[in-house]
Amino acid sequence: MGFLKEKITKANPTATHHFLKKLANMKKLTRVYTQNIDNLEEPAGLLVDWKLEKVTKYKGQVVQLHGSMERLRCMNCTNDYPFETHYCGLFKQGDAPRCPNCEERGTYHVKTRITKFIKFIKI
């Protein structure tokens, strides 16, 4: 995850991202549904709301179907917090950053806000 986050941090929005922003500015865009985890819609100027609970009450212009590399979630308390670039070194070493809410407990199980699909195949 550390290597991937570093690559994403260096990436820039594409012409398509800017086109979507232009459509939004013209009031021609209702919502963007994306499977990408790079979050390049936000630097392009589209509104990303991290608290998607109900689509009918959603304020953002972008729905990230598989999550994003922008946020981490604690597997113990489900605290949601930013994936800061200085965490990359920890992930590269096989470790995870400590959850701010669980730090005093001594148990840290963090994962990215990416939906993972695992299919078991009988061989």
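Note that Cβ sites are derived from N, Cα and C of the backbone, with glycine treated the same way.
Quick look at what TrEMBL lists:
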type	residues	note
ACT_SITE	His66	active site, proton acceptor
BINDING	Cys74, Cys77, Cys99, Cys102	Zn(2+) binding site
DOMAIN	1-123	domain 'Deacetylase sirtuin-type'
Taking all residues of the domain 'Deacetylase sirtuin-type' (1-123) together, what is their mean pLDDT?
-> 82
Cβ neighbour count (within 10 Å, all chains shown) around Cys102 (Zn(2+) binding site) = 17
As a whole number of Å, the Cα atom of Cys74 (Zn(2+) binding site) is distant from the Cα atom of His66 (active site, proton acceptor) by 17
Which of the listed recorded positions (His66, Cys74, Cys99) has the least company, meaning the fewest other Cβ atoms within 10 Å of its Cβ?
-> His66
